[in-house]
Amino acid sequence: MREPTNRQGSPGPGEPRPPAQGRPRFPTWILWVALLALALWNVYTFFWPSSGARLNIPYSAFIQQVEGENVSSVTIRGQRVSGTFTEEVRVAGDQVLSPGDPVPPGTSPNEIRTGTQFQTTIPENSQTELVPLLQSHGVTVKIDQAGGSVWPSLLATIVPLFLFIGLMVYLGRSMSRGQQNVFSFGRSKARVYDAERPRVTFADVAGEEEAKAELSEVVDFLRNPMKYHAIGARLPRGILLVGPPGTGKTLLARAVAGEAGVPFFSVSASEFVEMFVGVGASRVRDLFERAKASAPSIMFVDELDAVGRQRFAGLGGGNDEREQTLNQLLVEMDGFEPHQDVIVIAATNRPDVLDPALLRPGRFDRQVTVGLPDRRGREAILRIHTRGIPVADDLDLEELAAATPGFSGADLANLVNEAALMAARKNKKIVERIDFDEALDKIVLGTERAMIMSEHDKRVVAYHEAGHAVAAHFSPGTDPLRKVSIVPRGQSLGVTIQAPEEDRFNYSRAYLLARLTVMMGGRAAEKLVFNEMTTGAQNDLKEATLLARRMVGLWGMSDEVGPVYLGMGEQHVFLGREIMQDRDVAEATLERADEAVQRLLREAMERAEQLLRKYRDKLDALAEALIAEETIGQEKITEILGAPPVPSAAPAAAADSV
């Protein structure tokens, strides 16, 4: 299946601009190093204009040293004169001290400098008089004509100034970009899939024919909007895809965009909400503006319940930021201009928690149920996912679809991928049915565990699973057995798998009672054979109790309570909602319901014990076979137990594990 290439949308409306790639960026550290070096150089030249060994002396002291024959050479650079004394001198402030001269009072030792290198500044137009004086005293004179140029000092002043200005401009632009980044929190993060990209079509979607038929009307509207506008028809502004996880809600939305050939804006509802208050509402506005600018277009919001959850539900009040986002979404959806040609498609697997204002006509006024595929749908999905995989010629996808009841499209895709991994691990060139069987066991039961068990524990587990199998085989109306194993997988020490012959969507009381009997078969076998009870029945008791509570409190299948709905056995996602809801049931009724649950479980235990005592020889034979072979398939089970007394019905699959 081809997926459309996704790219980030641009901040503004219209055609998105892909981000620049490979754009050279100036290394900012070079600018900082250069600026620091120039600053240090200017500071150094300001405080130490020449080498640190040169003594700054007044011009008058310089003339005294020349007349005293203590100057050997000088270099004249404009008005700056530097040179070398014949003998070392001391300088205290502005005075040059000859050897033997006293130090002026009040002069600290740190203020006295000594050396032979000096520099001074001569008055203007004094060079013509100075040179003959120097020559008359035998001083070597060097004239540096470049020293009179103003360019070095000019450059030393201008270059740092321009560098400083450049740095300020750069920092200003960086701050501007930073402000844009701050304000970009309000930009939508929607990904855009346009018509020029590889697209998903309805041919890539299988098992949801009813949903595809519903959405084909949307496709026709986007292709031929004038046909609907001409007669005054208006397409639903919002379409809500409802279904369990993994059933293909997002894939259906992409298929609608691919069939219609219009821009497709995809965003997760959780991306609307950020740490800053008001960002979510701003992103909603931005997303709708972009979608309107690209009309006709499709806007897809995944996991709508992240922001569309009912306001002020549960304890502790609501979330102000999320509710602001929801309010903005409500306003935008109800504020479309007529015939805007923008369709909002959203997906959720929790429609029961959505705010009622979202579901009213004018917003999400059409709901499309995307349920689990049936047997034919699973076969079609398997054909799509095996198109690019070399499978064995004798692989029966119809039979494989029958062995995977309750699997969603995502589950089937995972099954095909796991089977391919199994085959690759064995260095096979094609994927065979045994690879699919191993992948199915791994997904449903978990990975095999290398576990060393004592002979007694192994025997207990074998009889436990054999008890489930015998109860399932000889209880009328149960699902046929597919496999029994005492190989530890996942959290279980063993497993008994029952596979249905057909999909069933309605369950009778007789079938549910038989299921309770099968669940109690493991504990009954432990009591019958070992006269002991183990912790291996924990999961069986949990599932049996939950099923019995539903039979009594949800489906009205007990004589003590009668046909009444008590809400027992329901799963409450929000703790606050469960605590705050009213209890319209009397305590006496709840007590009778508990007694009815206990009676159902006791009777199931008695039926299981009767079956195992009646077929004790079958129980022993199956347990010994499990101890010897660890895993027994359907043919071996039939060989040991024989044919079931009554043809089995076709309910949904089940697995009982220790």
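Every residue gets a Cβ built from N, Cα and C, even glycine.
As given in Swiss-Prot:
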- E465: active site (ACT_SITE)
- G243, P244, P245, G246, T247, G248, K249, T250: ATP binding site (BINDING)
- H464, H468, D540: Zn(2+) binding site (BINDING)
- 1-22: region 'Disordered' (REGION)
- 95-114: region 'Disordered' (REGION)
- 1-28: topological domain 'Cytoplasmic' (TOPO_DOM)
- 50-149: topological domain 'Extracellular' (TOPO_DOM)
- 171-658: topological domain 'Cytoplasmic' (TOPO_DOM)
- 29-49: transmembrane segment (TRANSMEM)
- 150-170: transmembrane segment (TRANSMEM)
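Using Cα positions, the member of the recorded positions H464, E465, H468, D540 nearest to G248 (ATP binding site) is identified as D540. Cα distances from P244 (ATP binding site) to the recorded positions H464, E465, D540 are smallest for D540. Looking only at other Cβ atoms within 10 Å, the busiest spot among the binding-site residues G243, P244, P245, G246, G248 turns out to be G248. Considering other CB atoms within 10 Å as the measure, the emptiest surroundings among the binding-site residues K249, H464, H468 are those of K249. By the criterion of other Cβ atoms within 10 Å of the residue's own Cβ, the least surrounded of the binding-site residues T247, T250 is T250.
Under DSSP, K249 (ATP binding site) is assigned to a helix (H, G or I) in the three-state scheme. According to DSSP, D540 (Zn(2+) binding site) is assigned to a helical segment.
Comparing Cα positions, T250 (ATP binding site) lies closest to D540 out of the recorded positions H464, E465, H468, D540. The Cβ centroid of G243, P244, P245, G246, T247, G248, K249, T250 marks the ATP site; residues of that chain outside this set whose Cβ lies within 8 Å of it are L241, A347, N349, V370, S408, G409, A410, given in sequence order.
Of all the recorded positions in the record (H464, E465, H468, D540), the one with the smallest CA separation from K249 (ATP binding site) is D540.
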